[in-house]
Every structure is written in structure tokens, then in C-alpha cells.
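Before anything else, here's the structure in question.
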Amino acid sequence: MGDEDWEAEINPHMSSYVPIFEKDRYSSGENGDNFNRTPTSSSEMDDGPSRRDHFMKSGFASGRNFGNRDAGESNKRDNTSTMGGFGVGKSFGNRGFSNSKFEDGDSSGFWRESSNDCEDNPTRNRGFSKRGGYRDGNNSEASGPSRRGGRSSFRGCRGGFGLGSPNNDLDPDECMQRTGGLFGSRRPALSGTGNGDTSQSRSGSGSERGGYKGLNEEVITGSGKNSWKSEAEGGESSDTQGPKVTYIPPPPPEDEDSIFAHYQTGISFDKYDTILVEVSGHDAPPAILTFEEANLCQTLNNNIAKAGYTKLTPVQKYSIPIILAGRDLMACAQTGSGKTAAFLLPILAHMMHDGITASCFKELQEPECIIVAPTRELVNQIYLEARKFSFGTCVRAVVIYGGTQLGHSIRQIVQGCNILCATPGRLMDIIGKEKIGLKQIKYLVLDEADRMLDMGFGPEMKKLISCPGMPSKEQRQTLMFSATFPEEIQRLAAEFLKSNYLFVAVGQVGGACRDVQQTVLQVGQFSKREKLVEILRNIGDERTMVFVETKKKADFIATFLCQEKISTTSIHGDREQREREQALGDFRCGKCPVLVATSVAARGLDIENVQHVINFDLPSTIDEYVHRIGRTGRCGNTGRAISFFDLESDNHLAQPLVKVLTDAQQDVPAWLEEIAFSTYIPGFSGSTRGNVFASVDTRKGKSSLNTAGFSSSQAPNPVDDESWD
């Protein structure tokens, strides 16, 4: 491939051999200390003849300590020979460059900080700095006891030489230290602060902490074995691995105008009345036509009016009475059709009528409703909707998601939690720490349920319903919503839903919204950038989302467009949560009218006035295509989707793409039809009419399409998948 071969995701490189270094039995001091005694006299800092005595006393000549980062990272560099870097009697990869002395008689092997650890102390601290060389640890950047040692590390492995976490507000459960700057292991570690307090020292991998920027790998030692754990394999799902997350998201605005801010429906909103809806299952309650027929309480009706809701969408007309009747539901409706309000309003109505159990006065919070979604951005969006509809009531909604400080999530919960909106990883962390009880759960909602049940999140969802205290499916109400429900996902859903659940299919089930004008262009891999710039220059400042397949390419294309003087930002799973929120904020406010995104932004995100979606790379599945173009043409507004079709890599999508275009009454290029009819896909019916993606109730046996080969149930392997949680 040429220099534009960006098709493959960058997989973590596996180390062929990771040595395990055991403590050298010869490195112990005379008195049985874990480390040798360090002279405390300041006169011994001289570079005169006494240095030879230092080597003799330290005993490190034959027992170098490879890859150990000691708990205290604040030594004053009183002994330059034992702590100075490389060479005889020095430790390789030692992150214990600290500003305190070993106390005589202490055999613990931990460093004790001295009281004179301050900015104006003239004693040098030569922690390795950033990309190499020595750095004065008494620099203002490392002043005070919270900055331990010099900043740095090798930009390759976690740890290395340098900075421990400057933040001491840790959970007790997380007090594990990564020892072994270059060849790491995990062991408990305490850092004495001089007053009996303990804190944690952790290695970092971000650019400021000297870690490798881009390849988030860490070596974890367990039962004498080393194993690589990467973020793509679930690194974000546990807060005890990797660098400590300190990000606390800013609270949303509390004024009423901001809470009820909404955008106007489009000219096509009235067309929703003509969309066909099919309900399958026994004894389905009749649909409602207005909000008044739902018999909601006055507070809810007031909030609905403030939010600008005047008419029910088709999915709301049928879903609200079904949920009010206490039935389990699987609802499939096109993107941007009001599915969030369809489950929030009846749940809130029940809670207002029956009363709530959780409050800020209870030690253990037991929410009545848990809403789970695959991405942080989507779950935060659901929370804002829940906060809007519950405004002025006793119901309190809380949102928790990965990439933020775990302590912040816990503090939000203990203030009272009736509706918990969460991503799977953070939810299981909170449950594992016993910060919430599940006995009062009445409603379990899976938004983007097809993604929640596939191989990406399916195991975690099964763990959730198997947790101690979680009511069985017969004792709770389970609701699933998505724009696509492949047949395989419906089979998996049987473990979560009662046998008499109802299935609501709205409009062209699993199909693209007809308010989106779809265009497919035949563009070769090496012509895509030029074509993209041409389209964006013609679009001007209209809000545009550009979808690519890999995280690396997202940053590359965003940088390329900025060089072309097109204001662009990017969002993907490798970006820090702070950066992801900043990117969305810049896109929403118009500062950057172009957002380059991977699948993180393809699901559920509701951004106002997105006029264009460009598929720079077509996705691997047709369901993902439907979700991507659904970012435009929402709530009756019109939009445009342009897709680049590469003959070398996208032929497998030709047949389903022709079907999607035909069902949405879009023009199908002749060249695409020719490819579609010349390409054989096992199980594909070839019909351009009828239901699509098997997103009809499989209990009826009506499916006319076997999606083998391109259904969303064949999700990417978790190793290659993006970190959504």
C-alpha cells in the first residue's frame, strides 16, 4: 500500500518477551532493610573521595534494582550514587527519585518524606525530565509534596522514570502501585507523608506524564504471569488499571431556559402521521394520539410543554401505553424519532404515582430505574432528557460513565439516585463496589439495544441481570429500543424479556430515514481526500459529520482538513473524555463546523442542525450505515448523506446498500446496481422490497432477509473494537 493505507486499525503490539525481575537477594542492606541505608549527612553530597564510600555502603553494584518504582517519590537526592540514574550502584528505571531520607531502623523499604520538601530547598532532585536528561525536582512545576520527583518516563511503556500521580484523593480500593517503570508489576505501596497519611503512587501514560502517547498498554502481573491489557480490550471498564483518572466533568447549566432548550421540528414532522406501525404480541394496549390521553400528572405535562413537545411521534404513540401497562417492550424505530421520550415519560409517570424509595438521607442508594447505553455521549444525552422531564419533581436522575473520576460518580449517587443512566463498564464498577443496591429495580432500559447485546457488551449485560439483588425478568419491566434489531439480537434478548413481550416496528423497520437524501459516489481510496475537500468547500460552514473507520485516520483527516483551512475537530475512543466533550462542544457551537468521527458518535447522538453526513469510509455493516446517516434528518428536518464507495473494499455492501436506497425511495446509481447483481452474498434474497435487516418480530417468522455476512450481530472483535464505554 501507499502512504495512505489507513484501512487497518492499529492493534496493540504484543511484546514477544516480557522479563520478570525478582528482587536480587544481594541488594539488601546490612540490617535486613529492603533497600540499603542512605547516608543522611549533607556533607556526603560532595563529589570528593567520599563517593567511593557511598558505593561501598549502598551495595547496589552487584544488585541493581531494575524497573522498581518505590512508593515514596520525594527523595531529596541526598545520595547521588544510589539514586542518580545509570551506572554502578544506581537503579535502572527507578521512579523513587524522591526528596526524603531513609529513616534509620526502618526495615519496611518505604521512603519517608522529610518536612523540608519545599520549593526553596537548594538540594537538587534530578528526576529524569520529559524526553530525557536531568530535571531539577525543586522546579516550580514540582513544588510541594503533591509533586513527587521529576517529570518523565520513557515514551514507550507505562512507568519509566518520573512523575507519580499528583492527586492524592484516591479510593482505598485503588491503593495499588505499578512497580517496574520499564518492566512493570503491581504491588501494594504506601508513601509516607510525614504525618501518618498514605497515598498512592501511579505511573502515567499520557504525554504530560511521559507515557507512550497512542498505544495504551500496560503490563499487569498476576499469579506470576505477565499479560498485556489494552484499552481496547476493556481497559476503561475498570478504574484500578492504567493511570488514575482525575477528570470531573463540568455540571450542566441549572437555569430553566438551558434545561428546556430544544430545537425546532422540521417541515417533514407532520409526515410522521402517515408512517405505518406494526405491533406484534398478545393483548397489546391501543395506541394514544395525544399526550393528554396518557393521563400524565400535571408536572409532567408542564415539562412536556416547556420542552416544546406538541405532537406524539409514531414510536411514542404505541410505546407509551405499552410501558404504562407494565409490558416488556422491544421497539424498533428510525433514527431521530423520539425513542428517548417514549420510555422516559411513562417511567416517570409510574414513579410519580407509586412514589420513590431512594433519597439523599439513605446510606445505600437503591434506584428504581437503570438506563444503559453504549457510549458516554449518548448516556449523558439521555440523562439531560431525564433531568428535563423530571424538573420540579422528587425524582433525581444521575449519570455515570467512564473516563471520569470514580469518586465523582460515587458522590453523585450518594446524593440521591432514582434514575441511573450509565455505561456498562462504570455501572459494573459501581455495583462491584456496592455503592448501589439493585433490590428496588423496577425498570431496566437498554438503549441502542442491538449494540448492548452483541459481542461487545453482551457479557456485561448478562452479568448485570445476574447480580445479587437484581430482580428477575418476571419481577421487573425490561425495555429495549434501537433503530435496528437483527434476528440474532432478538434471540439474545429472550434472556432479558418476559415471554409475552411486545414488538413495535415503526415505518420502514431498520431502514434509513426518508428525510435524508442519500448519495453514493464511486471514489477510489487515493482520491478520497481530494473529493472530501471539494465537497466541504462547496458546503461552506454548514454543520457536517465525517465518518471514518479507524481512530488513527480520524485524527489524520482532521489534521489534514485543518491544513486545508477547514476548521475541524475529531472524536474517537482513544481521546480523553475531556477532549471528547470539548470536541462535541466546539462542533455544537459552530467553532468547528466539521467533526471527524468513528463509531463512537454514530449511535444516538442528537446534535442540532447537522445538515450533512459524509461516509469517508463505509462501515463494515449496513446497520452501522443506517445509524451513521441518522445523525442528520432528525425530528422531521431534512439532511444529506454522501458516501464514498471504494470498489476494492466496499463490494460486500453493494446489495444491502441498494436495498436501503430503494426502500428510502432514493436514486440508485446504475454502477452500484451492476455491482450488486454481480456480487453473490449467501442468504441474501436479492429482493428490493419488504422488510430489511430482519428487524421484524422473529416470533412471527416473517423475516424475508437473512443478514448473514453483514448484520450488526457480527460486530468487530473486542480487541479491534473501539472503547465506547
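Even glycines carry a Cβ here, placed using N, Cα and C.
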Which residue range, 289-317, 521-549, 637-665, 666-694, is the one Swiss-Prot calls motif 'Q motif'?
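In Swiss-Prot, the motif 'Q motif' feature sits at 289-317.
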Which of these ranges is annotated region 'Disordered' in Swiss-Prot: 558-581, 702-725?
702-725
DSSP helix, strand and coil counts for the motif 'Q motif' (289-317)?
16 helix, 0 strand, 13 coil
